[in-house]
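Scroll down for the structure; my scribbles are underneath it.
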């Protein structure tokens, strides 16, 4: 092995070059490995090797690099010593001969569908017309981004970055805002004589309608186009946002100047100054620690009209790394005999370590031939496979793949392309004695499809997953053998694997490319570059029957192969047909008064249910006009199911619904009905969040006489095929997440699906016999639907993708995204870079810092990632990981009403926090499941919690913790702890402080009832699903008016979701950017006024700077957390003290009568009598918890109980939170923060002994296989 290393050294020496090796340890302490990378100047390739010792890792890396030199004909293979790895013959790479590029298009394409009577006669011819609006010819792709970056390198405009973020980020974009941009754009149009027209699209049902405005303009002086597409609650706002994006792009391209006038701010409501009661003693301690840290505090201003900024600059910077000049490409190499592509590691031991490719190929061929002869079941399956439509195209597909680097296969859902194409390729290689040269990775957009397809392919090959076929999805992997195998994975998993390159993989198949999610679009850019650098690799793109011309053009006019399905005709019906067939009469409307923000005055002209053709009877018209377009009519779905029964055509019914809530409610609605709840029906939910074993049930056949009804999201639209479906009932809606950057607004809209979506859904019905599809939208509505959905890259923040670009060394973020199939607007890219620089994830040269490298590996929002690292420093890593993981999934509460009931609110204790409620739920569930699955189920039913969500959260949390541990963080800073939510708990105080950092800039101020003010004093409401949402219109007073929240949701009104009460000191410390003082009042972020001494505020902002500096040191070497120097320890203790509510003079116990809206509803008593769920004698909520629910915290008389009940539970130890600022329950301020004992907890409370800790360590001891993303 060492010979290869010497050979490379000698070869380089002759050319006056030296190979540079970089070795790093990877894996955790128990499974230490070494990863080695070797680079040689002048070659854009990184050789990689790994092994259990450094020497072998270097040899393996050298061998990989030498293999590369052989492939590019720099070295002859016979010159290489003891090579043992023959290079495969280069695959012929003829440039594309567009054989069958457009072929004859199938007749099921695009265009508005005809009425069902004329369905067969009409031939839709709108394929080309429904183009995606590619901005200009191919050379123009993203050129504006490239232009901007080349200019930016010449003149680094740093000044704008620090300026004020008006609509959160105007300073970044030349101070252009919603107010001033549109007028400037119009001036530009007049000067350039451009006719600028906005194209509007309506999104969402009428009660919650919003608009998308888009425009493309041609810039003469640059010779290229720019494009913007923005979202707003009305046409005017959408147009303003669109104009803003265009003007900001023009500014960055140097076409438009920065705005120099005064920015007129809409005056939001002003917030009264809030008096902070900080004790003298605490202020004195603050000053001491600031002196110890050698920080200078600015004196108060002499003139109060000229306030001073208190923010201290960065105390520690990461040293800038070398700027990466060459544009990187993910390294690729063909399969090699001692490399396992699925684990990205060398095979150093066992028979495969020294086997030649010829031996491997011969063995695998013999094995397959023997199996084909002997296995009768396999022969039967082969005959079944022969019948699939795609089989007729096998030779054409294989020929095209061997002749072209990229091939697109387009075929109707169900034609067999997903399961068969990988097998065609694999069997062809095995039978031609080239098994060792073939490894195929197939990406799927969702976990369920990756797993179900892998299991199906394994079944078709007469094997279990793990042999020639395997899968890898987040939280679960069964990897196949290292040679001649197929691996199905989600796109996210493949992107995570790209860090090690696509080595040892001969074919990459990307399925469902038409879905246009951000990860697939990102992967396509990567693959396009890989193909240009390594033409021998083979890329196969597969799509449903939609317009693929855009992809074809993107991949250099590659050939398209049409696969015609053998799907049966599907008769389709619209809402008016469904009503007429079933004689449906809507139930009388609910008379209850509706909440303003759920409803909106219906615009009659836009309610398409009022438009009904003359061919329908008056009863149909009347019924239709009574149905509200915004609601999904459950009763009509029931009527259709009964109607289907009368047809006497057996088959499963697939119902498409938007989102989990509706699926869950519909399932319960049907099960409560004696007709559908009987043994004649099997009602099954299908959603990405439900456990795998539940998902699998949808594929199982049902006994004769039983009807299977599947309630699904759009997951069943293209990703998976359920064979026995004959009927589709389509709500015609789907849930999308829209994000608007300039105001940090998330909008989860249930929107009308596109025509393409409806076409796909319809196609699910004709699998086994002629089918039927019932669209629950009127024909008039159908005509108004968009043709395609917006690509995700236009509606999500780009900072996570930006981190991936840097982690994979793909060059500049902007230059890379400019190559996307539809490049995102320039302003969104600049925002992503700015966010990452602010977080210290990028250095001055825009390369990843050590912190950025860790954040890039965490599959979570970068800001949350940094919050988790801070959590580790404070030894509350587990809780922060739990909260971060929980934000990735829906809330676990099963809730029929809008507002949460007491059973769920109780989990917040008296912390007024949705995040604490989540943490408590998780803690209680984790405790309950120690008693086994039955106990877990009982607990979830009793507390009305979604067990699947809790399990997914647990898996995500474990994955996040593993990544941190593998990055070098000590395990003991991530051990599970027990928190109390009803009494003082300083660890919980710290968790809330860090949370304020994680969700910034989402800060709000409570005014009255549900009304809150957010940034710059804009109005919003407390979201109804919050534990803080009052029950009625009675006014509420919280111990502190300040809250942080997870996200702003826009329905009719704007509401803040996921709220947690914080103190003004926590805001100053972790949730502020700009802090100014005039000597009397401290102004935070230009809108929150605090009455606090100038010195105290200055000291607290100094602590923040010291904390940020500590994060810099810790991320360079995470192990130092366990032995910090005394000054840093004292600094952390100071932050712990400031995080206490009592430090700001706030007493959380005041709020124990907070929900005093009359007596507690009697029906809730059955959930919460006594101390809750018991297991084997010891109550799960024993001690601290139990008394919190019933006798303590909320008073034995329910929420309205006397405020003294807390003291009855914990009487007189320093008066609860009002105890001296030194720590009340814990005794002195240096109390044992990390230990499980320490004052309050020592008293027993909610403790399960060492069990929980032991479980945690045990889990990590075992380690986890595969995993991926």
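Yeah, the Cβs are placed from backbone N, Cα and C, and that goes for glycine too.
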Which range of 556-565, 566-575, 576-585, 586-595 is motif 'Nuclear localization signal (NLS1)', per Swiss-Prot: 586-595
The annotated region 'siRNA-binding' range in Swiss-Prot, which must be one of 182-186, 1077-1081: 182-186
Range annotated as motif 'Nuclear localization signal (NLS2)' in Swiss-Prot, from 1136-1154, 1155-1173, 1174-1192, 1193-1211: 1155-1173
Which listed span Swiss-Prot calls motif 'DEIH box', if the choices are 507-510, 511-514, 515-518, 519-522: 511-514
Which of 191, 1024, the listed modified residues, has fewest other Cβ atoms within 10 Å: 191
Candidates 199, 449, 697: member of the recorded positions with the richest Cβ shell (10 Å): 449
Cα proximity to residue 449 (phosphoserine), best match among recorded positions 191, 199, 697, 1024: 697
Helix, strand or coil at residue 449 (phosphoserine) [DSSP, three-state]: helix
Cα-Cα distance linking residue 199 (N6-acetyllysine) and residue 191 (N6-acetyllysine), given in Å to the nearest integer: 22
Distance, residue 1024 (N6-acetyllysine) to residue 199 (N6-acetyllysine) (CA atoms, angstrom): 35
Between residue 697 (SUMO2 cross-link) and residue 1024 (N6-acetyllysine), the C-alpha gap once rounded to whole angstrom: 34
Secondary structure at residue 1024 (N6-acetyllysine), reduced by DSSP to three states: coil
